[in-house]
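Feature annotations, reproduced from TrEMBL:
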- 12-35: transmembrane segment (TRANSMEM)
- 41-60: transmembrane segment (TRANSMEM)
- 67-89: transmembrane segment (TRANSMEM)
- 95-114: transmembrane segment (TRANSMEM)
- 126-149: transmembrane segment (TRANSMEM)
- 169-191: transmembrane segment (TRANSMEM)
- 198-215: transmembrane segment (TRANSMEM)
- 221-238: transmembrane segment (TRANSMEM)
- 247-266: transmembrane segment (TRANSMEM)
Amino acid sequence: MEKVTKGITSFQLKLLGIVLMVFDHLGQFFGFLGAPVWFHWLGRLVAPIFLFTSSEGFIYTSNRKKYLLRLLYGFWLMGIGNIIANKFFMNENEVLINNIFGTLFLGVLYMWFIDGIRKNWKLKQPLKVVGGFILCIVPIVLSFAVLLLMDGMDSKASLIIFRMFTFLVPLPILSEGGPLFILLAVLFYLFHGKKSGQLISLAVIAVISFISGTGNPFTENYQWMMCLAAVPIILYNGEKGRGMRNFFYYFYPAHIYLFCLIAYFIQH
């Protein structure tokens with residue numbers, strides 16, 4: 001008789017994230033039809049769920065390099081897709097910049113850096129430890145360098161630089177969700193196996209998001225609702241569940257561009 005494991009698997013957690021993501025993007029693309037704000041409330045749980053599963057994926061994957069490259073390829077493909085969508089299928093004054101692959105890539109990249117620092121510390125390799133810290137700083141330095149570069153340009157040139165790095169080069173300060181989401185991914189990794197530490201990290205990031213935002217907490221500044229992702233994370237049982245890895249990589253860009261096309265043709 002097959003043993004029944006309580007809780008939800010990583011596969012089920014991702015499926016939940018996809019369902020909530022669909023609601024969020026329906027609100028994003030079809031707000032002109034009166035999509036309710038609670039669609040976006042549901043969407044606040046999505047990033048924490050996928051940041052959490054990315055930390056689990058990094059720990060359990062058989063090939064971390066391939067895992068990282070898949071996220072980078074996804075980022076590049078969506079960058080190209082976003083350029084095409086913005087050129088032909090977005091209204092004036094609207095820009096499509098959805099690309100969570102960049103955030104996931106940077107989160108996993110920092111996990112890899114930290115893993116290397118830990119291993120070299122145990123092996124008493126101080127130069128490699130210092131090298132690991134330098135690698136951690138490089139993306140941050142590049143982010144500020146890009147901002148300084150943009151600050152000295154006219155608006156058109158600045159927009160070109162912004163789009164180039166947003167669509168082609170993942171940088172912390174220009175990624176979806178910004179440094180806070182990347183930090184959350186790293187904290188999920190650092191507190192792997194310690195649910196209390198992971199949940200406290202989620203709560204702290206949610207509070208920081210709320211404090212740094214402005215407006216009504218239910219109609220504008222509702223990023224704090226990401227803390228509700230604590231519920232499915234608590235229910236996670238540590239099991240992988242079914243595979244279907246490619247489904248999640250394909251569904252994300254596919255549904256965004258489908259919604260983009262439908263919304264465009266409805267309005268035209």
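Glycine too: its Cβ is placed from the backbone N, Cα and C atoms.
Outside the transmembrane segment (126-149) by six or more residues, the chain places 106, 109-110, 113-114, 116-117, 120, 161, 165, 171-174 with a CB less than 8 A from a CB of the stretch.
Taking residue pairs at least 6 apart in sequence, the transmembrane segment (41-60) and the transmembrane segment (247-266) share fewer than three C-beta contacts under 8 angstroms.
Remote same-chain residues near the transmembrane segment (67-89) are listed as 54, 57-58, 61, 95-99, 101-102, 104-105, 108-109, 112, 163, 166-168, 170, 249, 252-253, 257, 260-261, 264 (criterion: CB distance under 8 Å, separation of at least six residues from the stretch ends).
Nonlocal intrachain contacts for the transmembrane segment (12-35), taken as residues 6+ away from its ends with a CB within less than 8 angstroms of a stretch CB, comprise 42-46, 49-50, 52-53, 98, 232-233, 236, 241, 248, 251-252, 255-256, 259-260, 262-263, 266-267. Long-range neighbours of the transmembrane segment (169-191) within the same chain, counting only residues 6 or more positions beyond its ends whose Cβ lies under 8 Å from a Cβ of the stretch, are 47-48, 51-52, 54-55, 58-59, 72, 75, 97-108, 110-111, 114, 139-140, 142-144, 146-147, 162, 197-198, 201-202, 205, 208-209.
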